[in-house]
Amino acid sequence: MKIFTSEQIYAADRFTIEKQQITSDILMERASVQIFEWMNSRLQGAQVKIHLFCGIGNNGGDGIALARHLQEHGYSIGVYVVNYSEKRSKDFLLNLDRLKERKLWPEFLDSECEFPELGRDDIIVDAIFGIGLNRNPDNWVATLIQHINSSSAFILSVDIPSGLYMEQLPSSSDNVIRANHVLSFQAPKLAFFLPQTGVYINQWELLDIGLDAEFLYKTKTGYEFIGKPEVLPMYRPRLKFSHKGNYGHSLIIGGSYGKIGAVQLAGKACLEIGGGLLTALIPECGYTTLQTALPEAMVITCDNDDLIDDISYEIQPTVIGVGMGMGLDKVSIKAFSAFIEKNNIPLVVDADGLNIISKNPKLLKNLPKQTVLTPHPKELERLLGKWNDDFDKLEKAKSFSKKYDCIIVIKGAHTIVVYKDVGFINSTGNPGMATAGSGDVLAGMITGLISQGYEPLSAAIFGVYLHGLSGDLVVSDNGYEAVTSSKLVGHIGKAFMELFRRPEQEQNKEIKEV
Ligand SMILES: NC(=O)C1=CN([C@@H]2O[C@H](COP(=O)(O)OP(=O)(O)OC[C@H]3O[C@@H](n4cnc5c(N)ncnc54)[C@H](OP(=O)(O)O)[C@@H]3O)[C@@H](O)[C@H]2O)[C@H](O)CC1
Ligand SMILES: [K+]
């Protein structure tokens with residue numbers, strides 16, 4: 001699913017209005033009806049107090065139109081216009097008139113006013129600012145926002161939490177509504193997914209207001225949200241007359257004394273995701289352990305007992321995953337650098353491999369095209385240098401990806417795979433996955449997909465999705481705390497099966513139709 005900028009959304013509005021031969025207030029009416037139906041289906045007429053805080057633009061207009069629907073259905077409402085500007089939008093004014101015709105006069109709030117009392121069992125509709133926010137709210141509006149935030153009432157934000165910009169950080173957290181739930185129109189917003197701005201949103205959901213589908217489809221965006229519909233077409237079915245050679249030969253290089261487990265996790269993940277053959281190149285000390293723990297793997301060892309000191313092999317791998325558990329001893333740095341200089345086989349670089357590259361950026365020009373880099377935040381900072389904020393981080397990652405033709409997997413709550421001008425934001429995963437070895441598993445999974453013939457970009461996007469889905473399945477069986485990387489590996493097969501599981505309603509419908 002595409003993630004649009006505010007300009008693109010405004011352009012989609014204009015196009016839709018023209019093509020569907022409608023007036024702009026029809027879109028506002030669709031938006032408010034959708035929100036009303038969402039609320040009504042949950043509240044079923046309950047007489048809980050609903051406070052609607054409405055700005056003077058179209059976000060406020062949505063709130064005012066919603067107030068009309070709520071009133072017509074007998075809900076107990078309080079409507080407040082947050083009068084932060086004299087420049088009211090046309091459709092806000094139209095809906096304000098419609099409300100007044102029904103003898104409902106909102107209370108106008110300004111810097112002089114006392115704010116309404118809000119009970120902890122009340123519901124607040126936040127329609128102060130939408131995607132049109134372009135400067136910091138005035139102090140009194142920020143004070144109102146804090147008043148709302150401190151109420152403990154349930155906060156439902158219209159389109160985006162008020163005070164949150166589409167493409168930059170708020171200057172202070174006091175300026176932003178902390179939404180329990182956001183009902184966003186047509187497409188999610190980038191700010192929902194970044195660590196610094198996602199904290200203002202507990203949950204979000206989309207409402208379809210009928211913007212022109214073809215226009216949205218044709219609009220090129222800088223970000224995409226990756227869910228099941230996006231990854232299903234990437235899946236490559238296994239063929240009846242295939243053999244293990246069809247699924248490639250992965251080489252995993254890494255490990256050091258005390259960190260052989262990293263290679264074991266990556267190697268096992270590589271096989272569980274469907275890789276054909278696996279060879280591990282590790283220091284001598286891990287030989288028995290790895291052969292025992294992972295009998296499916298072939299193991300070759302360096303001369304050095306404890307460290308990778310030489311990367312040479314006689315096999316012809318399809319793909320190489322390198323760096324996990326390798327350490328930063330100078331013999332390993334030397335061996336890794338010499339390997340990168342001569343290697344031209346597709347590559348996934350993780351952990352210490354990334355750290356070595358950061359210290360010696362000249363190596364970057366030797367990476368094969370579309371090498372997949374899987375940094376965690378600290379490793380990313382070593383690669384890219386410091387960034388100002390999460391938006392800047394993504395821009396820097398895009399420039400880096402273009403400069404070196406590499407794919408960067410920015411690991412986080414919503415892992416983002418960046419390739420050139422586009423960031424692919426993952427939808428699966430959970431906080432339980434912040435656990436030792438989780439990154440080794442991911443690197444192994446991506447390696448195993450490339451080995452089977454997936455293009456590196458698809459392998460990164462699909463691998464990240466399946467990794468998160470495995471984590472979600474582990475949580476549903478074990479809870480968050482007990483997620484371990486071994487369990488993640490053990491759930492990769494179930495994650496594939498989950499991909500093809502249809503929702504229960506769909507299955508029931510079929511049974512009834514039969
Ligand atoms: N396609 C859709 O998704 C639709 C969404 N709708 C809703 O419309 C809003 C966007 O409405 P818009 O009127 O463009 O913007 P806002 O309501 O967010 O803001 C209104 C104006 O306020 C001014 N502004 C911005 N920041 C501040 C500030 N800090 N203090 C004071 N004033 C501010 C700004 O105007 P200026 O000319 O003064 O710069 C804004 O334009 C969207 O979020 C949805 O809720 C439609 O209902 C249907 C289509
Ligand atoms: K809002």
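Cβ coordinates are placed from backbone N, Cα and C, and glycine is handled just like the others.
Annotated features, as they stand in TrEMBL:
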- 9-217: domain 'YjeF N-terminal' (DOMAIN)
- 58-62, 130-136, Asp159, Ala262, Gly325, His376, Asp440: (6S)-NADPHX binding site (BINDING)
- Asn59, Asp126, Ser162: K(+) binding site (BINDING)
- 227-499: domain 'YjeF C-terminal' (DOMAIN)
- Lys411, Gly412, Ala413, His414, Thr415, Gly439: AMP binding site (BINDING)
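Only Asn59, Asp126, Ser162 of the binding-site residues listed as Asn59, Asp126, Ile131, Ser162, His376, Lys411 bring a Cβ under 6 Å of any atom of ligand 2; the order follows the sequence. Take the binding-site residues Gly412, Gly439: by the count of other Cβ atoms within 10 Å of each Cβ, the lowest one is Gly412. Each of Phe53, Gly55, Gly60, Gly63, Ala127, Ile128, Phe129, Gly130, Ser157, Val158, Asp159, Ile160, Pro161, Gly163, Ile177 belongs to the same chain as Asn59, Asp126, Ser162, is absent from that list, and has a C-beta within 8 angstroms of the C-beta centroid marking the K(+) site. Excluding Lys411, Gly412, Ala413, His414, Thr415, Gly439, which define the AMP site, the same chain contributes His376, Ile410, Ile416, Asn426, Gly429, Val464 within 8 Å (Cβ to the Cβ centroid), listed in sequence order.
Less than 6 Å separates the Cβ from ligand 1 in the case of Ile131, Asn134, Asp159, drawn from the binding-site residues Ile131, Asn134, Asp159, Ser162, Lys411, Gly412 in sequence order. A C-beta separation below 8 Å, combined with a sequence spacing of at least six in one chain, links Asp159 ((6S)-NADPHX binding site) to Ala31, Asn59, Asp62, Gly130, Ile131, Val182, Leu183, Ser184, Phe185. For the domain 'YjeF N-terminal' (9-217), the model's pLDDT averages out at 97. Taking CA atoms as the reference points, Asp126 (K(+) binding site) and Gly61 ((6S)-NADPHX binding site) are 12 Å apart. For Gly61 ((6S)-NADPHX binding site), the count of additional Cβ atoms within 10 Å of its Cβ stands at 30 [all protein chains shown]. In the three-state DSSP classification, Asn58 ((6S)-NADPHX binding site) falls within a helix.
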